[in-house]
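Participant: Sharing a structure here in structure tokens format.
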Amino acid sequence: MAEFFNTPGGIAVIILAQTLAVVAFVMISLLFLVYGDRKIWAAVQMRRGPNVVGVYGLLQTVADALKYVVKEVVIPAGSDRTVFILAPLTSFVLAMIAWAVIPFNDTWVLSDINVAILYVFAVSSLEVYGVIMGGWASNSKYPFLGSLRSAAQMISYEVSIGLIIIGVILSTGSMNFGDIVRAQDGDAGLFNWYWLPHFPMVFLFFISCLAETNRPPFDLPEAESELVAGYQVEYSSTPFLLFMAGEYIAIFLMCALTSLLFFGGWLSPVPFLPDSPLWMVAKMAFFFFLFAMVKAITPRYRYDQLMRLGWKVFLPFSLIWVVFVAFAARFEWFWGAFARWSTGG
């Protein structure tokens, strides 16, 4: 049996099993993310939230998903049927395949490539195509305006995210997530993590992730008071479910990136406790809690304020920080906190 797994067929079986495990983890997490999002929002507003289906309403998300699946798929007259159906599928698939390079410890990763950051950045940049396709194919003014907003918003904040990530790459000398996490390992526990030397960028990265994933207060592409529901106006049933699932999976991915880049990934925050994938999951859950709290307590920005923040505040500050980190890493300022060459770079 052991010899079989060394053959091409056995290797294919292992890869398939690993892929299914990652998909299962993301999809099961998705159910709890939606439930948690609704519960947190309800708690802030002093409501109960989901509490009928299952114990404490835990099965409410499953019931809602089944409701969407059994509904009829309504395609508007005059729309491009092929593109209309492909749009939500594109958003969902692109959100899923980004997880191929996300590690949960030194060995629990589907594809441990040396350009993992570049891969995630490229895939997340492509997700805007699903939104644009959905807005254009609907043949309606509100979806089209929402898709244009989304394209401009995502492109604007991807620049800031990219520059912030470059700062981490300069400190580590690698684009591999495993190397970045190992560079944050040390006897000081959480004080070895990159949140300390890159402290200002943690806030910019988190806010940029909110804008990148169209989360409040930056949910302009689907602003109900202005665009009804934006690019999702004409969608119902399974296509709408795919759009929503893709959005939450992208949010969870940003939580994973924040954990890996700045908070040590699977590393323990205290030296006397062992490192574990559970630390990674706990950190991701904490950052999703912050996503949900921001949604519950902040008002929506105006579109011009959103774009001004991205281009006139975040972009210059991120660019200045990259230059600063480059010099700090080159000359090993601050006791070498910005120069942790885990790969011998």
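Cβ coordinates are placed from backbone N, Cα and C, and glycine is handled just like the others.
From Swiss-Prot, for reference:
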| type | residues | note |
| --- | --- | --- |
| TRANSMEM | 13-33 | transmembrane segment |
| TRANSMEM | 84-104 | transmembrane segment |
| TRANSMEM | 115-135 | transmembrane segment |
| TRANSMEM | 161-181 | transmembrane segment |
| TRANSMEM | 190-210 | transmembrane segment |
| TRANSMEM | 248-268 | transmembrane segment |
| TRANSMEM | 277-297 | transmembrane segment |
| TRANSMEM | 309-329 | transmembrane segment |
Participant: Please work out which recorded stretch in 13-33, 84-104, 161-181, 190-210, 309-329 has the most C-beta pairs separated by under 8 angstroms from the transmembrane segment (248-268)?
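Facilitator: Checked against 13-33, 84-104, 161-181, 190-210, 309-329; highest Cβ contact count belongs to 190-210.
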Participant: Counting only CB pairs under 8 A, let me know which of 13-33, 115-135, 161-181, 190-210, 277-297 has the most with the transmembrane segment (309-329).
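Facilitator: Between the stretches 13-33, 115-135, 161-181, 190-210, 277-297, 161-181 has the largest tally.
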Participant: Report, as numbers and ranges, which residues of the same chain sit near the transmembrane segment (161-181): CB under 8 Å and 6 or more residues beyond its ends.
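Facilitator: Same-chain contacts beyond the flanks: 101-103, 106, 109, 112-118, 121, 194, 197-198, 201, 204-205, 208-209, 212, 260-262, 264-267, 315, 318-319, 321-322, 325-326, 329, 337-345.
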